[in-house]
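Asks: A single structure is presented below for examination.
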């Protein structure tokens, strides 16, 4: 990831008190739906439009009162997504990666949690009633996992948006590693260079 150095979780947790930890989660669910009756959706993946106009994943900074990274992440998910986020819990087994950037002393931890489609739909339905809606979070968006016939519409165009930090790279890595796209789809994408 551009400008970021990957750390093992143990190394990240041993950095000491001068470091802040931020945790974010990619929430996804299998989706049997079809766009226009012919384009398979495959999975629903949630991202959010942030207060700064950039796309990112739900989550935030872990506070000192949180007993673990996951406790802090689950608290943040309830604040940003609403009470439907209390129906599931992101666990250590959902952990994907940790990165530090060249800027402030912040470690970014990334998780991916598979939900049922019903759980994901409940999160979407309740998100506008969440504590942080309209403040830190301006709304949820789904990631289009298809490419239209023009070769540009869908995921390639979505990737042209402005993303916070490493969110774009985390998304692409998760799509590939979790098998959320059809085999070979990422290598065949006309992915514009990161702005």
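Just so you know, glycine gets a Cβ as well, placed from its N, Cα and C.
Residues or ranges marked as domain 'Nudix hydrolase' in Swiss-Prot: 18-173. Summarising the annotation, Swiss-Prot assigns substrate binding site to 24, 50, 57, 170. Taken from Swiss-Prot, the feature Mn(2+) 1 binding site applies to 59, 80. Annotated motif 'Nudix box' per Swiss-Prot: 61-82, in sequence order. According to Swiss-Prot, the Mn(2+) 3 binding site annotation covers 76, 80, on the basis of similarity to another entry. Annotated Mn(2+) 2 binding site per Swiss-Prot: 76, in sequence order, evidence recorded as a curator's inference. Under the heading Mn(2+) 4 binding site, Swiss-Prot lists 99, 173, citing experimental evidence as support.
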Asks: Taking the Cβ of residue 59 (Mn(2+) 1 binding site) as centre, how many other Cβ atoms lie within 10 Å?
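Replies: 26, counting other Cβ atoms within 10 Å of residue 59 (Mn(2+) 1 binding site).
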Asks: Find the average pLDDT over the motif 'Nudix box' (61-82) in the predicted model and report it.
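Replies: On average, pLDDT over the motif 'Nudix box' (61-82) sits at 92.
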Asks: Name, in the order they occur in the sequence, the residues of the same chain whose CB lies under 8 A from the CB of residue 173 (Mn(2+) 4 binding site) and which sit 6 or more residues away.
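Replies: In sequence order, 96, 97 meet the Cβ cut-off.
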Asks: Determine which residues of the chain contact the motif 'Nudix box' (61-82) at the Cβ level, with the cut-off under 8 Å and only residues 6 or more beyond its ends counted.
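Replies: Apart from its flanks, the motif 'Nudix box' (61-82) reaches 13, 20-25, 48, 89-92, 109, 111, 123, 126-133, 136-137, 140.
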Asks: If you run the three-state DSSP split on residue 170 (substrate binding site), which class comes out?
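Replies: It is helical.
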Asks: Give me the CA-CA distance between residue 76 (Mn(2+) 3 binding site) and residue 59 (Mn(2+) 1 binding site), in Å, as a whole number.
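Replies: That separation, Cα to Cα, works out to 5 Å.
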Asks: In the same chain, which residues outside the set 24, 50, 57, 170 have their CB within 8 A of the centroid of the CB atoms that define the substrate site?
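Replies: Along the chain, the qualifying residues are 25, 26, 47, 48, 55, 56, 58, 59, 110, 163, 164, 165, 167.
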Asks: Restricting the comparison to the binding-site residues 59, 80, 99, which residue's C-alpha is spatially nearest the C-alpha of residue 24 (substrate binding site)?
Replies: 59
